[in-house]
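This report concerns only the one structure given below.
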Amino acid sequence: KCSPSGAICSGFGPPEQCCSGACVPHPILRIFVCQ
């Protein structure tokens, strides 16, 4: 099961956790989100 775009993800986790395969830093909030 993968996370959709915009879902919070771990910046240190495997990129496969996101459906897009990319976990990127949020521009405002200090979190990582799926691209």
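Glycine residues also receive a Cβ, built from the backbone N, Cα and C atoms like all the rest.
Within the set Cys18, Cys19, Swiss-Prot assigns Cys18 as the partner of Cys34, by disulphide bond. Between Cys23 and the candidates Cys9, Cys19, Swiss-Prot annotates a single disulfide bond, the one to Cys9. According to DSSP, Cys23 (disulfide bond) is assigned to a strand segment. Between the C-alpha atoms of Cys34 (disulfide bond) and Cys2 (disulfide bond), the distance comes to 10 Å. Rounded to a whole number, the C-alpha distance linking Cys9 (disulfide bond) with Cys19 (disulfide bond) is 11 angstrom. Long-range neighbours of Cys23 (disulfide bond) (same chain, six or more residues apart, CB within less than 8 Å of its CB): Cys9, Ser10, Gly11, Gly13, Pro15, Gln17, Phe32, Val33, Cys34, Gln35. A separation of roughly 5 Å, to the nearest angstrom, links the Cα atoms of Cys2 (disulfide bond) and Cys18 (disulfide bond).
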